[in-house]
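Look at TrEMBL and you will find 27-248 tagged as domain 'THH1/TOM1/TOM3'. Taken from TrEMBL, the feature domain 'Terpene synthase N-terminal' covers 252-341, 390-534. The annotation domain 'Terpene synthase metal-binding' is assigned in TrEMBL to 615-864. Marked as transmembrane segment by TrEMBL: 42-63, 84-104, 116-137, 149-171, 183-200.
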Amino acid sequence: MRRELASSFATAAATAGASSSAADALRGWWDDVNESPQWQDAAFFSLAAAYALVSAVALIQLIRIQRRVPEFGWTTQKVFHLMNFLVNGVRALVFGFHVHVFLLRTKVYKLVLLDLPGLLFFSTYTLLVLFWAEIYHQARSLPTDKLRPAYIAVNTIIYVVQFCIWIYLGINDNAVVELASKIFIVAVSFIALLGFSVYGGRLFVLLRRFPIESKGRQKKLYEVGTVTAICVTCFLIRCVVVATSNTDIISSEMESSVQASLKDSVRRMLLVLQEKKHDDDRSSQLLRTIHQLQSLGIAYHFHQETEDILMSMHQHHGHGLRTHRDLDLHSAALLFRMLRELDIPASTEYAWVVDPAQIDIYTWQAAWHSWPGSHVCDKVATSNTDIISSEMESSVQASLKDSVRRMLLVLQEKEHDDDRSSLLLRTIHQLQSLGIAYHFHQETKDILMSMHQHHGHGLGTHRDLDLHSAALLFRMLRELGIPASTDMLMSALREEGDKITDSDALLAVYQASYLAFPGDTVLDQARAFAVGKLAGRDDDSDCTHLLLPLPLPLQWTAPRLQAMWSLKDDDHNKSVAVDPAILQLAQLDFNLVQALHRRELAEVTRWWKESLLGEYSFARDRVVECFFCAACIAPEPHLAECREVLAKTGALIVHLDDIYDVHGTMDELQAFTDAIASWEHRDDDDSAVVMGMALPEYMKAMYSAIWTTSAAAADRVLEKHGYDMLPLYKKAWHELCKAFLVEAQWQQQGHMPSFAEYVSNGWITSTGPLLLLHALPAAAAVPPITQANGDANNGAAAGIDYPRLVELSSTIFRLCNDCASHEAESERGDAPSSIDCCMAEPWCAGGEEQARAAVQGVIAETWKALNWEVVVVAASGSGGNDPSCCSSSATETTESMTTMANLCLNLARIVHCIYQDGDGITSPTHRMKQMVKDLLFNPIHHVL
């Protein structure tokens, strides 16, 4: 019995889950449709086609009747078909040109175009009512002489009233009159509904009374009944839709008096609070009340009252009777923000009112969320990073960082033993997982170097470490660019062997194996061993906490995303006993950096709107997704310029890719590529503009956006670092366009390149080189990328000497993109992908499955080469290309090369994320959209 009940419950739960999933999928689909300009256009154009078809049928019927009985004049039947032709033709035109109709600046023109077809529809089908009324009156021997004058009179009155309303609205745009126009439409539809109900019903009953002797009469009976039912339903729906769509307007008129009464109540509340005795509680209540008014969007009703209150409090707490130190932190933060919003230069001393150690994280969260309002955010976003940093580096954050530093110091000062090393390594791992290791870069580097000396080839050996610690140390050293020996890991693994039961240790081995170099086959074996042991566990609940929402290893995961997921994993954070100071700092840091990213996104979005590229519907508008990628590639606060140029360049690339892949003809693409080439070889900016004027209109906008964006980026680099990147930017854009053109020619000619030929062109079309070329100078003090011949004016002979890191990360970019988009691109008939090229190779006999496996294998081997190149960069400090190009100090050079390595690694990591379960740029899934929202818009709360 219990088994049957359990089975029933399981079935019910599965059914409910499936229903819920289906409902969620349906809601997600409807949201996509509702937010998609493509879907909206498709709906309008489909309606236009349907109305045009009906109009054409009516015209054909009219012509057939005229040719069959030309001796009769304009009978009721002919007039009906003529009016049907007109009304449906007008509707087809309105829906076909809906974009132009909705963009009309004069509202009355828009109303005429939208409402006139409805009036014509009324006249057309009331003509049918007239025809039925005449039949009914004749059958009942009733007079018919008043029917037609009544039809003409009703229509005349309706048109006169409607035209008067339109004329009035053209003179005076009045919301009440517009509402009256909508109500009038409801009344007209109701009149038509009554006409069809009365005479359609009567004629139907009349026909039913006569014996049906022929199929013709039976057909007429069904026609009358069907047309009556359809027309009554249509006019009823029109009444309901128009009436309900205007209920908000009607209710707003009715509620205006209630609103006035409520506003008076709020004013009295503010007055009562003001009249209370001057104390901290009064100030706190007033500030929280004003904050509530602002948060709920009604503060504009009480602008003068709130301004007077804030000015009085500024006098009282700022430099009048007392000092702002009488306020608690929350009140001080509220007052500071509100005063700055009023353009009053309130001192930052408002913030430092209490001992940071006495503030719990939730109090600070409340204060921070009230700190920079939108007005202040706009000002901060336009200032330099030093000002942003000074606002964000709160005393709470500084105090928490000091606590973590003291914790690391205490652990270091313990006696050298395995427990000390294990604690240090786990603490550093927590800092990395939670995204705050960049605050302690030098401290953690010193610790790891000391442990490398001690356990690797110094006082002791790495055999002193347990497997978990050995795996952590091995991974962290290789991440620093230190070529730690695989023996550090494998000796511990061999020592414990099949006796291993610690799932955390096995997961650490699994993660460390992805730091392999070319030829490190032992690490592949270690990974296979760890996966096998984990898969064979009966109870795998202990290890699931380290598995990220994406099935990717840590080395292939963007650190910013890893931090977000780790912060949300409350169960794991509690189970491993993460220190509260680390958790508090991680949460605060994530939210502060997220707030900074949101302000930057607002600036990038404003730039995109001003570029006008978003008006071209053939291309994807992915500026938010591009900024999401930029925030994952360069997440640290001081890399604001880097994020900006990455997001802008990425948005331009997406648009350019659609021009070459979807919209442009071969001749247009050749012309655009030639224009970019001419721009590269000309030093005169005016000449570059002239060259773009010969392009099609949609290409002019693209050409202008590329030119202005890259020129602005080059100016910033020249001003900040003193070297000119514009010649390289020009060349990089030209090389990308040439590579895009090659793919377009492959598609047109049906050419199937070899895999090697494809990759040699594909790492350029991945756009990774162009993105990194713009990003690196914005992030580093010295130029890591130079012109091959060192001569910016050497024309086509001078290539760009990209570091090996850039080529490898771009190759991963290209291949991951192909794996995600191959199926969709094959259906569209796009240029061949790497999978197509593999399938065409003689060694690939297994079809697409084997080709995909081969490409995945190339990605894995490319990652190994990328790992090794990080070591090369760390050892040389010059990227391995041209050390002589770096005129700065050795320290600056090392920092610049480290930054380059991190940006290249993060580029390869984020492409794995966005292409993990499909093309996250072209067709973002619900998971991708939610990930963007969580990273950029949803703060982390309650991690403790």
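Keep in mind that glycine also has a Cβ here, set from the backbone N, Cα and C atoms.
No curator has checked TrEMBL annotations; they are predicted automatically.
Counted over residue pairs separated by six or more positions, the transmembrane segment (183-200) shares at least 3 Cβ pairs under 8 angstroms with the transmembrane segment (116-137), which defines the two as touching. In the domain 'Terpene synthase N-terminal' (390-534), the DSSP tally of helix, strand and coil residues is 114 helix, 0 strand, 31 coil. Here the transmembrane segment (42-63) has long-range neighbours at 78, 81-82, 84-86, 88-89, 91-93, 95-96, 98, meaning same-chain residues at least 6 beyond its ends whose C-beta is under 8 angstroms from one of its own. In the predicted model, residues of the domain 'Terpene synthase N-terminal' (390-534) average a pLDDT of 84.
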